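Undergrad: Sharing the record's features from TrEMBL:
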{"type": "COMPBIAS", "residues": "212-231", "note": "compositional bias 'Low complexity'"}
{"type": "COMPBIAS", "residues": "232-241", "note": "compositional bias 'Polar residues'"}
{"type": "DOMAIN", "residues": "18-450", "note": "domain 'Major facilitator superfamily (MFS) profile'"}
{"type": "REGION", "residues": "204-255", "note": "region 'Disordered'"}
{"type": "TRANSMEM", "residues": "21-40", "note": "transmembrane segment"}
{"type": "TRANSMEM", "residues": "60-82", "note": "transmembrane segment"}
{"type": "TRANSMEM", "residues": "89-107", "note": "transmembrane segment"}
{"type": "TRANSMEM", "residues": "113-134", "note": "transmembrane segment"}
{"type": "TRANSMEM", "residues": "146-166", "note": "transmembrane segment"}
{"type": "TRANSMEM", "residues": "178-200", "note": "transmembrane segment"}
{"type": "TRANSMEM", "residues": "272-295", "note": "transmembrane segment"}
{"type": "TRANSMEM", "residues": "307-326", "note": "transmembrane segment"}
{"type": "TRANSMEM", "residues": "338-356", "note": "transmembrane segment"}
{"type": "TRANSMEM", "residues": "362-385", "note": "transmembrane segment"}
{"type": "TRANSMEM", "residues": "397-419", "note": "transmembrane segment"}
{"type": "TRANSMEM", "residues": "425-449", "note": "transmembrane segment"}
Amino acid sequence: MSMDPEAKMPTPRAVSRRAALTVLGASLALFCTVGFLNAFGVFQEHYHSGLLQDKSESDISWIGSMSLFFLSGLAPVSGVLVDRIGPRWPLVIGSLGLLVAIFTTSLCTQYYQFFLAQAVLLGASTSLLTWPPMAVVSRSLPSHRGLALGVVVGGSSIGGIIWPIMLARLFDHSSLSFGWIMRIVGFIMLPLLAIACVTVREPPPPPPGPLTPKSQPSSRTATSATPPSDSNETASSSGSQEDAAENSPLPTTTEKKKVKRSDIVTLLKRPVFIFLALGLGIGNIGLFIPLFFMPSYATSLGKSSQVAFYLIPAINAASLFGRVLPGYLADSYGHYNICIAALFASAITAFSWTAAKSLAGLIVVSLAYGFSSGAILVLQGACVFKIADRHMQGTAMGLLMGFLATASLVGSPIAGALIGRYSYLAASLFTGASLITGCLLLIVARLLLSKKFLASV
């Protein structure tokens with residue numbers, strides 16, 4: 001199996017209308033799913049000071065952590081579904097489930113009710129709405145994968161800006177009850193999810209025939225992310241049609257290649273996938289901790305809750321640029337290279353998190369962490385797509401997210417327990433340690449692809 005099959009794909013002359021609509025629909029889907037989950041810090045503070053004030057911060061954080069667990073934990077199921085039946089039914093079922101979860105949450109009064117509705121049902125539904133669109137976008141725009149995924153995941157950043165501000169304003173400056181606030185959220189999501197269900201479509205199958213000379217990749221792209229044994233496999237312009245078809249990763253028929261169990265086993269046994277999963281998994285243990293606890297840290301310093309709530313939109317605003325700009329740079333300088341840099345920058349910021357005592361310092365830390373962590377979130381998908389064949393990219397993404405599920409589950413509750421027993425400094429050190437460990441493991445995965453220091457991997 002080729003180390004970087006998409007490196008040999010022909011570069012499209014222009015982005016088709018169908019691909020553009022797919023990116024739009026995928027962005028709207030992530031706006032309603034990951035973007036809404038990014039606002040859980042507002043719920044954390046609101047529940048702790050009101051509806052669930054008899055529960056500890058660690059108890060409440062389990063709601064957000066469990067939703068992230070189901071988001072990632074069901075990714076293997078979502079990936080297999082989109083590879084076998086396409087994106088339509090996963091999106092429809094996920095949309096219905098998400099709306100039911102939102103409207104059910106509006107009726108909750110007890111902790112177990114919030115857990116079942118906002119953690120279990122909402123988390124499971126967001127999984128069906130997140131990973132299938134990303135896999136389809138990756139297949140639709142293979143030559144602009146980093147930028148396209150950056151735009152798509154940027155939709156979650158926009159959601160992470162709008163949802164916290166809207167919820168904070170409604171919670172603090174509105175006569176509406178919690179139930180009606182959640183119903184308003186559901187009515188806003190309804191048309192956006194409908195658009196996503198209509199616009200996210202599989203790309204047409206690649207046309208049969210050999211690659212033309214103009215479609216051959218540049219030497220840097222072809223050699224940087226593929227092993228030496230694969231670097232000379234591309235068909236020459238004078239080669240036969242059979243040779244070109246054999247060396248091309250694209251199918252030469254319009255039939256869709258199906259994922260076999262042997263394909264999955266082969267991927268799981270590859271050292272590069274193992275170290276990629278370990279690195280991102282350990283990194284994800286601490287990745288969402290500042291997003292959950294930055295508002296409560298600000299209030300512990302004496303800042304008002306109105307000011308503390310706006311730190312989450314600040315993180316997500318910076319995350320928007322962190323998902324688009326590094327994604328664009330990664331297409332030229334390597335997805336693994338930029339992801340490693342983002343993990344390192346996030347670790348440094350996390351270690352210095354509690355050094356910020358003033359409002360200005362909190363804003364600077366929020367912006368810095370939002371930018372670097374946003375790059376991690378978008379590039380982890382691009383990294384796994386880079387080592388998977390085209391026909392099983394959805395499955396590969398799902399398998400990776402399955403590994404990340406446990407990390408998303410345990411990180412925030414551990415941080416909440418550390419805060420309750422020690423201080424926010426302990427949570428800061430725990431966050432930074434997980435991120436720097438993940439960075440080191442991802443470096444190993446990168447070296448398995450290419451040992452050249454300046455290679456674009």
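The backbone N, Cα and C atoms fix where each Cβ goes, and this holds for glycine too.
Can you walk me through where each of these features ends up in the structure?
TA: A Cβ distance under 8 Å defines the sequence-distant neighbours of the transmembrane segment (146-166), meaning residues of its chain 6+ beyond its ends; these are 19, 23, 26-36, 38-39, 41-42, 133-134, 137-138, 140, 185, 309-310, 312-313, 315-317, 319-320, 322-331, 335, 374, 377-379, 381-382.
The list of residues near the transmembrane segment (272-295) in space but at least 6 beyond its ends in sequence, with Cβ under 8 angstroms from a Cβ of it, reads 3, 38, 40-42, 44-45, 57, 61, 64-65, 68, 305, 308-309, 311-312, 315, 343, 346, 350, 353, 362, 365-366, 369, 373, 376-377, 380, 383-384, 387, 396, 399-400, 403-404, 406-408, 410-412, 414-416, 419, 424, 427, 430-435, 437-445, 448-449.
Remote same-chain partners of the transmembrane segment (307-326), defined as residues 6 or more beyond its termini with a Cβ less than 8 Å from a stretch Cβ, comprise 35, 38-39, 41-42, 45, 146-147, 150-151, 153-154, 156-162, 164-165, 168, 172, 290-291, 294-296, 298-299, 338, 342, 359, 362-363, 366-375, 377-379.
Remote same-chain residues near the transmembrane segment (338-356) are listed as 279, 283, 286-287, 289-290, 297, 322, 326, 329-330, 362, 364-365, 368-369, 371-373, 375-376, 379-380, 382-383, 423-425, 428-429, 431-433, 435-436, 438-439, 442-443, 446 (criterion: CB distance under 8 Å, separation of at least six residues from the stretch ends).
Among residues of the same chain six or more beyond the transmembrane segment (425-449), those with a C-beta under 8 A of the stretch's C-beta atoms are 3-4, 225, 227, 271-272, 275-276, 278-287, 289-290, 293, 336-337, 339-340, 343-344, 346-348, 350-354, 383, 387, 411, 414-416, 418-419, 457.
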Undergrad: Where, among 21-40, 113-134, 178-200, 397-419, do we find the most CB pairs under 8 A to the transmembrane segment (60-82)?
TA: 397-419
Undergrad: Near the transmembrane segment (362-385), which residues from the same chain, at least 6 beyond its ends, have a CB less than 8 A from one of its CBs?
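TA: For the transmembrane segment (362-385), the list is 6, 134, 138, 145-146, 149-150, 153-154, 156-157, 273, 276, 280, 283, 287, 290-291, 294, 297-298, 301, 303, 311, 314-323, 326-327, 330, 335-336, 338-339, 341-343, 345-346, 349-350, 352-353, 356, 393, 396-397, 400, 404, 445.
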Undergrad: Pairs of Cβ atoms less than 8 Å apart decide it: which stretch in 21-40, 113-134, 178-200 has the most with the transmembrane segment (397-419)?
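TA: Out of the listed stretches, 113-134 contacts the transmembrane segment (397-419) most.
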Undergrad: Find the average pLDDT over the domain 'Major facilitator superfamily (MFS) profile' (18-450) in the predicted model and report it.
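TA: Averaging the confidence scores along the domain 'Major facilitator superfamily (MFS) profile' (18-450) gives 83.
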